[in-house]
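Novice: Annotations per Swiss-Prot:
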- I266, C267, Y268, T269, S270, G271, T272, T273, G274, T275, P276, K277: ATP binding site (BINDING)
- 526-550: region 'Fatty acid-binding' (REGION)
- 15-23: motif 'Microbody targeting signal' (MOTIF)
Amino acid sequence: MDSSSSSSSAAARRRINAIHSHLVTSSRSSPLLRSNPTAGEFCLDNGYSVVLPEKLNTGSWNVYRSAKSPFKLVSRFPDHPDIATLHDNFEHAVHDFRDYKYLGTRVRVDGTVGDYKWMTYGEAGTARTALGSGLVHHGIPMGSSVGIYFINRPEWLIVDHACSSYSYVSVPLYDTLGPDAVKFIVNHATVQAIFCVAETLNSLLSCLSEMPSVRLVVVVGGLIESLPSLPSSSGVKVVSYSVLLNQGRSNPQRFFPPKPDDVATICYTSGTTGTPKGVVLTHANLIANVAGSSFSVKFFSSDVYISYLPLAHIYERANQILTVYFGVAVGFYQGDNMKLLDDLAALRPTVFSSVPRLYNRIYAGIINAVKTSGGLKERLFNAAYNAKKQALLNGKSASPIWDRLVFNKIKDRLGGRVRFMTSGASPLSPEVMEFLKVCFGGRVTEGYGMTETSCVISGMDEGDNLTGHVGSPNPACEVKLVDVPEMNYTSADQPHPRGEICVRGPIIFTGYYKDEIQTKEVIDEDGWLHTGDIGLWLPGGRLKIIDRKKNIFKLAQGEYIAPEKIENVYAKCKFVGQCFIYGDSFNSSLVAVVSVDPDVLKSWAASEGIKGGDLRELCNNPRVKAAVLSDMDTVGREAQLRGFEFAKAVTLVLEPFTLENGLLTPTFKIKRPQAKEYFAEAITNMYKELGASDPSANRGL
């Protein structure tokens, strides 16, 4: 045997040993870990993720894994490897936290609101058994799909636990869905039983005759005597939640525990384009994701969590799996976002998960209050903020006097006890994250994920004070960036490699339900999920999201546009509440539709001496439009937008983009085809104006 074959054999043995080895106790002990300059500089002392050695790579791009588990992707909780399914997870909680508070609500049976009343883990376990037994009693076969069509409340989680313990597949439906979307999902997933509330019952009944798979409708809450009775010829029974519980108690059934690879849920993506897709997630997928997240996200049985983000979304769903594992108490909001602050004051949570939209509102509200207070109060806030910010940057504790004088009043807005804040679903600006850390004093972390990865792909590590990134890979997956030459993103880019984020590991969904074609479009032959997001690696192995591939379009001269990136830049303008950027291959310029902040608009108009007229007239005022566009240009230059990325015309509207007017998904992302249609007249008029001012500006060459 020559030296080259001997060397090759030794390398092969090293690769096999590395791949099959368990979690190493110290990354320094492994000679296989190397700094790789082409993949972003890092060192082992403060590296949050590591690059696999070249010979371990799959394909041409560097593969990153969490430094917490570099050679073995996590698939189970390290402390409880016996937990393999959602049923196992809940059984663990019922056993270990039986008498601990679990589900709390302020809403009474008659609809009034009072103090939080609690159900223990043990009581929830009993209700779960009764509910699952009730479904079996009604002849719903094991493996059937069960729809959940109402907002967050204790019964939502009990239904979900019952599905897990009796091998049903839960199919969450956003309460904001209309009859057409409900009909599509119910028929597509062949839902046999569906849980709803009085508010969603009518929407359901209006299309029940067109949903032949449904055999049982269970109404949560409300009065039993008000339930409609359907003709026996319909083949559908309508019962109340309480009646189903009693039927289950009278006819108890043993558990039918699922296997790890059994389907746990089909989550229908909200869909910014076209028809919703059913994301199929197994018990193993969900347990792996949450187990990986538990390496850096630590809850305690003394924690209190408020649930108000939609449980139909994977972000809140994963949070609930994690709260069960740690035995956390979960209090629910009343169901009205306008009353959320009242619920926070009553519950006083220690853990708060939200989305940038709410954090931005908190930030803007406090900053505006500080500026309008003026004088001594404003100077005191600025002194306190700068002192505490500097202390945090230096890794030190700030003087408690600043909390007593300034920040405790701000903390009280969220109940006064929040120690841990998480943000997801869309990017949180570095300024807002810094603000939350300083003002609330606890840990603030941002994550990145998607339904197709069972939630978290990456998250910020504890002790990492750098903002503007989404942290290191979840220990349950590996990440690589793939070149996107048409957008000029490559792994050879300096100073940081850039490309489309691709993910692989036990967190990856099994596919889109009944849609093999679209499944193959996003998962390649090597098992890599192509996310459509563009990222780069920062020093330390931190991932930063910089662009979006899926929503890109071309302008007339061939420039590629990523509208979400531009919209996020313009969101920093003082006038802008929301922004929709539009362009196409027939025009050489971008145009913008801006939902204005009415308070800022009124204040600015008064300061500029623009008198008379209502807000709608202000939106149509050429002077106002010019001021807004000028402010957008200023922010765009600060963000170093390229020339063709600037909006050349703007339409101002008072109406916000909402779920109700069909312009937003339930996760507050713009539905682009719908927005294009909704603002079609405004878009046409803007291009006419641009064409009149410069006939060559909006025609292809």
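Glycine is treated like the rest: Cβ placed from N, Cα and C.
Surface or core, plus neighbours and distances: that's what I need for these features.
Specialist: In the three-state DSSP scheme, P276 (ATP binding site) is classed as coil.
Over the region 'Fatty acid-binding' (526-550) the predicted model carries a mean pLDDT of 89.
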Novice: Once the chains shown are all counted, how many other Cβ atoms turn up within 10 Å of the Cβ of P276 (ATP binding site)?
Specialist: 19
Novice: By DSSP, what is the split of the region 'Fatty acid-binding' (526-550) into helix, strand and coil residues?
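Specialist: Per DSSP, the residues of the region 'Fatty acid-binding' (526-550) fall into 0 helix, 17 strand, 8 coil.
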